[in-house]
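> First, the structure itself, so that you have it in front of you.
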Amino acid sequence: MKLEIVPDEFTQAASVLKEIQAHGFEAYFVGGSVRDALLNQPIHDVDIATSAYPEEIKQIFHRTIDVGIDHGTVLVLIGDEQYEITTFRTESTYQDFRRPDTVTFVRSLKEDLKRRDFTINALAMDVTGEIIDLFDGMNDLNQQIIRAVGNPKERFHEDALRMMRGLRFASQLDFTIEPKTLTAIQEFHPLLGKISVERIAVEFIKLLLGKNRRAALIPFIETECYQYCPGLRNFGEALLNFSDLPNKQIETENQAWALFMHTMGLKENEVRSFLKVWKQSNQTIHHVQLLIYGLNKRLQADWEVMDLFNLGLDAVLSVENLLYYYGQKSKLEEAKERYLNLQIHDRKQLAITGNDLLAYFAKSPGKWLGDMIVTLETAVVNGQIANDKSLLIAYAQDIIDKE
């Protein structure tokens, strides 16, 4: 088969393949970029595989960087573009169930492709757009099937993360995992305990963000993979409940975490420790905490103005979008209008500062100052007083006089 229209991402890199071929070596586009081109999906990284060894690639191209030369990968710089070029290779045993103990460079495309995870990722394309399909990946693409290359037990024993990748692809592509591959996942799922949390987290969040997460969550639960994911061992039923939510694609990573954890029934004070186990950043944790707080509020009643102020517009709109999964109608425009109509949207916009208060009242700094700023901020947000310095001074004076 030949692609009738070769995407720009490949045509821009065609000169690299031609240059390698001009020196007597084979070179192909491989992996996910070829799969995505055949599925008419956006193409991200264009990977190139070649029969040329790393040192030979470095002789062909003048500007290169050794990014993974021990594993056969050289980064080639051409103009403003950079391309990862990897030598055809075979891999030996995998003692840590993730990285090969040794890598052997070979001249055979078939030997290289047969070490890959799934048939849909074991496709290659030459510079003319001709597809090289040595493992029936095209048929699996057409049938919407996730199938391991060769013996699935060998593939998962080599690299246990491939089990999570298979589940993730089922969600992202809305594909079905074929029976032998699924059975092997069921058998080898304890090996996920050997994989770093960070790598599992990358695949899990992509699974949650896929266009058919239910297609992945059900086998994720049934194969018991979840038992070897951080903090999920006792949440099989909660995962089933999550899979029962409307299957509309979730827009952002923070929304996915918030919806997932809210469905699990985690309390707001449990969010940080759970996400820390998943090695998530403090920024992610903060945003997810905001969304869960907002979701708990919004599912009970309409927004209070202080909630709008404290959450900020992005979080408010994210929460509104999550209401769909609970069968509630969002009020996006109303919430946005109410937020924009607030007198201030940040404490920095308050017309008075702590220094202003210290200077006016000639008092020493202390707890009273922070409390007063919060009181004035709340009064302005609630519309009890205009955001005017003189009015705020008078308001503060009145409070102090009554103490």
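Every residue gets a Cβ built from N, Cα and C, even glycine.
In TrEMBL, annotation is done automatically, which means it is predicted and not curated.
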> Please identify which of R116, R214 is recorded by TrEMBL as part of the CTP site containing G32, R35, D159, R162, R165, R168.
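Site partner of G32, R35, D159, R162, R165, R168 for CTP, according to TrEMBL: R116.
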> Measuring Cα to Cα, how many Å separate R116 (ATP binding site) from D47 (Mg(2+) binding site)?
13
> Highest CB neighbour count within 10 A among the binding-site residues R35, R116, R162, R165, R168?
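For the binding-site residues R35, R116, R162, R165, R168, the Cβ with the most other Cβ atoms within 10 Å is R162.
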> Cα distance, R162 (ATP binding site) to D47 (Mg(2+) binding site), nearest Å?
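Between the alpha carbons of D47 (Mg(2+) binding site) and R162 (ATP binding site) there are 19 Å.
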> Validating a neighbour-count step here. Other CB atoms within 10 A of the CB of D47 (Mg(2+) binding site): how many?
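There are 18 of them.
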> What same-chain residues, at least 6 away in sequence, bring their CB to under 8 Å of the CB of D45 (Mg(2+) binding site)?
G32, S33, E84
> DSSP on R168 (ATP binding site), three-state: which is it?
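SS state of R168 (ATP binding site) = helix.
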> Between 0 and 100, where does the mean pLDDT of the domain 'tRNA nucleotidyltransferase/poly(A) polymerase RNA and SrmB- binding' (174-232) sit?
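In the predicted model, the domain 'tRNA nucleotidyltransferase/poly(A) polymerase RNA and SrmB- binding' (174-232) has a mean pLDDT of 97.
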